[in-house]
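In Swiss-Prot this protein carries:
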BINDING   8-15, 21-22, ARG60, 87-90, LYS98, 114-115, 180-181  substrate binding site
ACT_SITE  HIS9  active site, tele-phosphohistidine intermediate
ACT_SITE  GLU87  active site, proton donor/acceptor
SITE      HIS179  site 'Transition state stabilizer'
Amino acid sequence: MPTLILVRHGQSQWNLENRFTGWWDVDLTEKGVEEAKAAGTLLKEKGVLPTVAFTSFQTRAIKTLHLALEEADRLWIPETKDWRLNERHYGGLTGLDKQEMRDKHGDEQVHIWRRSFDVPPPDMEPGHQYDPGADPRYDGIDVPTTESLKLTIERVLPYWESEILPVLASGETVIISAHGNSLRALVKHLSGISDEDITGLEIPTGQPIIYQFDDRMQPGERYYLKDS
């Protein structure tokens, strides 16, 4: 039975500091490292052992994958990195303190920027100190200046359909180590969650989420591996 494992990266430094992160490359905290290791230990204990891995271009997701795979004795499996699994781009909010933004713009406006389905934050201006456009990992990529969840879905789902789903359909156990919003995009699709309801879905850091697929590649109900 094809099995999909979704893992949001462990706590990052900007998660800890309550800052908008998006495409900026931020490392894991010590807690984030431990969360990633614990995810791998759980995979091993439950016997849910990945055979193929996918992750983003961002360090926090890549490290989470490697730390988890090491704990599960699966560092040797093939892995693919792709920018389309990156976090949602938070535009001009990148690097800013979330509470300071609430104080400045009000809770409602910040909630709309963070959680609405199709309203993106303000664009990132050229020369912004956290502009990832000059990063060599994005050579040849048309880096967005901002993204809503809807726009994030529009890059994640074609990648899922063309690159990940065929691997899963061949019978592999696939692990995807990614980000809160790129994983929300997948969960919305796989679980048939409405545009309205997806805004309330939280993906916790370092907690493996499992989908099992039937012979017609229809996913069952998602569940947290720790609860199985």
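Cβ coordinates are placed from backbone N, Cα and C, and glycine is handled just like the others.
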Q: Have a look around GLY22 (substrate binding site) and count the other CB atoms within 10 A of its CB, chains all included.
A: 26
Q) Taking Cα atoms as reference points, which of the recorded positions HIS9, GLU87, HIS179 is nearest to GLY22 (substrate binding site)? A) GLU87
**Q.** Sequence-distant neighbours of LYS98 (substrate binding site) in its chain (C-beta under 8 A, six or more apart)
**A.** ASN18, ARG19, PHE20, VAL110, ARG114
Q. Including all protein chains shown, what's the count of other C-beta atoms within 10 A of the C-beta of GLU87 (active site, proton donor/acceptor)?
A. 26
Q. So how many other Cβ atoms are close to TRP14 (substrate binding site), meaning within 10 Å of its Cβ?
A. 20
(Q) At a 10 Å cut-off from the C-beta of ARG88 (substrate binding site), count the other C-beta atoms across all protein chains. (A) 29
Q. Given the recorded positions ARG8, HIS9, TRP14, GLU87, which lie within 10 A of HIS179 (site 'Transition state stabilizer') by CA-CA distance?
A. ARG8, HIS9, GLU87
**Q.** For TRP14 (substrate binding site), the three-state class that DSSP assigns
**A.** helix
Q: Let me know the most crowded of the recorded positions, choosing from ARG8, HIS9, GLN11 and counting other Cβ atoms within 10 Å.
A: HIS9
Q | Three-state secondary structure, which DSSP defines for ARG8 (substrate binding site) | A | strand
Q: To the nearest whole angstrom, state the Cα distance for the pair GLY180 (substrate binding site) and GLU87 (active site, proton donor/acceptor).
A: 7
Q | Of HIS179, GLY180 (the recorded positions), the residue whose Cβ has the fewest other Cβ atoms within 10 Å | A | GLY180
